[in-house]
Amino acid sequence: MEFILSLIGSLLLIICVLVSVAFLTLLERKVLGYIQIRKGPNKVGLMGIPQPFCDAIKLFTKEQTYPLLSNYLSYYISPIFSLFLSLFVWMCMPFFVKLYSFNLGGLFFLCCTSLGVYTVMVAGWSSNSNYALLGGLRAVAQTISYEVSLALILLSFVFLIGSYNMVYFFYYQIYVWFLIILFPMALVWLTISLAETNRTPFDFAEGESELVSGFNVEYSSGGFALIFMAEYASILFMSMLFCVIFLGCDVFNLLFYVKLTFISFIFIWARGTLPRFRYDKLMYLAWKCFLSFSLNYLLFFIGFKILLFSLL
């Protein structure tokens, strides 16, 4: 019975995430429209609300082609695996429904994000296109560079709260949010989240002027839709993780989802306003600035815990 309840909870979660992804794309198009002083999609149905569902139907009913001399199996499997990982990583979040409660939620998140690199790399390589391969290589180098700082910041919090379980963030933020105490850390985490999800200003994987569309250049119809959905699901997840770590983790509160929407809006806002970074500056930022920053914070938290234990 417990297994059936977990299965139903997982299915509900997946459906809710996919519907959220649909409306996040609509929000992005609306916000970008207003940033560029025009209307977003507003013709389909009431104020353009069914637009993302129409786009999904259009994409999945188009002809699925595959490039000549491409690696057929890995070419098709990588978008599916990419979406699967983006949905699977949601399991580590503390939810009210009967889901798997992980004591090692933070570690599970790191494993899933590390595996996400391979899907991009395989998608780029198996397309048999120079543009796709270069885009894939860029995305892999970028993700690996920023994952180091991401893991170190998460490890700092693990030392602070003494557990990998996400629920502990709620206990430690009852009186004051970590955002207020550790504001520089929150800014760095948000920047790393932008880089991890390959979003503006770090969208080198799909630099139009250089790589046409990056690692997904050869994908059409369903394959492209799956990659697109995986990207937006990871944006939502990163927004939720930011709210859990820095904004109180009160997941049973309606205000939590208002905060989640605001952080997702920041991702879109960055896309509408910021220009693309230079690639060497991106790598400089990752290895010279963020790595030293996260290592310093890690040492600070370890020292803080040692001091605390010595006083006790």
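Numbers here mean position along the shown chain, with the first residue as 1.
Cβ coordinates come from backbone N, Cα and C, glycine included.
Feature annotation from Swiss-Prot assigns transmembrane segment to 3-23, 77-97, 104-124, 150-170, 174-194, 226-246, 250-270, 289-309; the stated evidence is sequence analysis.
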Any contact, the transmembrane segment (3-23) to the transmembrane segment (226-246), with at least 3 Cβ pairs under 8 A: yes
Stretch contact, the transmembrane segment (226-246) with the transmembrane segment (174-194), Cβ-Cβ under 8 Å, 3+ pairs: yes
Leading stretch by Cβ pairs under 8 Å, where the reference is the transmembrane segment (77-97) and the options are 104-124, 174-194, 250-270: 104-124
Cβ-Cβ under 8 Å with the transmembrane segment (250-270): same-chain residues at least 6 beyond its ends: 24, 27-28, 31-32, 35, 93-96, 170, 190, 193-194, 197, 199-201, 235-236, 238-240, 242-244
Outside the transmembrane segment (104-124), six or more residues from its ends: residues with CB under 8 Å to it: 74-75, 77-79, 81-82, 85-86, 88-89, 91-94, 132-137, 139-140, 143-144, 147, 150-151, 154, 157-158, 164-166, 196, 205, 214-216, 219, 227, 230, 234, 241
